[in-house]
Amino acid sequence: MVLKAIVIDIDGTITNPDRSLDLDVAKRFRELNVPVILSTGNPLCYVHAAAKLIGISGIVIAENGGVISTGFDSPSIIADGKEECEKAYELLSQYHDLVKLDDAYRKTEVVLNRDVAVEDLRSTLSENGIDIEIIDTGYAIHIKSTAMNKGTGLLKVAELMGLEPTDYLAIGDSCNDAEMMQVAGFGIAVANADSDAIKAARHITKASFGKGALEAIEYALSNGLL
């Protein structure tokens with residue numbers, strides 16, 4: 001198996017524990033002979049800035065698969081779903097004290113501060129018959145459509161790049177990386193990953209955070225995956 005591209009999460013995967021970028025893995029990205037695609041729950045402006053500063057492709061997956069960009073100056077592909085997320089938020093606000101994050105930049109989901117129990121939010125939605133997904137990435141709580149995730153985002157990016165999803169090495173640390181790992185050709189979780197990411201991965205690094213991502217790349221190279 002020789003993979004043709006890397007799709008990788010940002011927070012907790014190529015960052016340090018303080019959320020600063022790991023400069024060693026950023027440098028390694030620029031040395032590779034395959035495209036590196038950032039895939040994140042963050043809004044498009046954030047991930048484009050990160051890609052530009054790192055010096056890699058402007059092809060990115062943002063908002064957990066809800067927004068796809070094929071380049072820094074290219075039109076974005078934006079999924080439906082923001083309206084149903086807003087309706088869920090309005091309902092949840094009647095029962096819980098919620099704080100929105102980055103809402104002016106969000107096109108497909110509603111993101112909340114992590115000061116409320118996710119299970120309580122899910123129970124409220126279930127009791128009111130609302131079919132929408134709520135995930136906690138360890139950095140924020142995302143209210144999102146069940147129809148989109150980083151896996152569906154990878155499917156679209158692969159199509160746009162003329163590749164198969166199985167041509168990608170996927171690297172991540174969180175529950176929202178699991179679907180991406182499942183549809184990719186090979187998935188690696190860094191050592192600080194949560195249980196969902198670990199279950200979806202085929203290999204777990206010994207190192208955590210950005211050093212784990214660097215280890216994942218070296219593992220793939222030494223085992224003929226890249």
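Using the three backbone atoms N, Cα and C, a Cβ is placed for every residue, glycine included.
As given in Swiss-Prot:
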type	residues	note
ACT_SITE	D9	active site, nucleophile
BINDING	D9, D11, D173, D177	Mg(2+) binding site
BINDING	K150	substrate binding site
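Shown here: features listed in Swiss-Prot, placed on the structure.
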residue : record                   : CB count, 10 Å
D9      : active site, nucleophile : 30
D11     : Mg(2+) binding site      : 19
K150    : substrate binding site   : 31
D173    : Mg(2+) binding site      : 30
D177    : Mg(2+) binding site      : 35
Env. residues of Mg(2+) site, Cβ within 8 Å of mean position of D9, D11, D173, D177 Cβ: I8, I10, G12, T13, T40, T137, G172, S174, N176, V190, A193, A197
Whole-number Å value for how far the residue listed as 'active site, nucleophile' lies from D173 (Mg(2+) binding site) (Cα to Cα): 7
Distance from D9 (active site, nucleophile) back to K150 (substrate binding site), taken between C-alpha atoms, in Å: 9
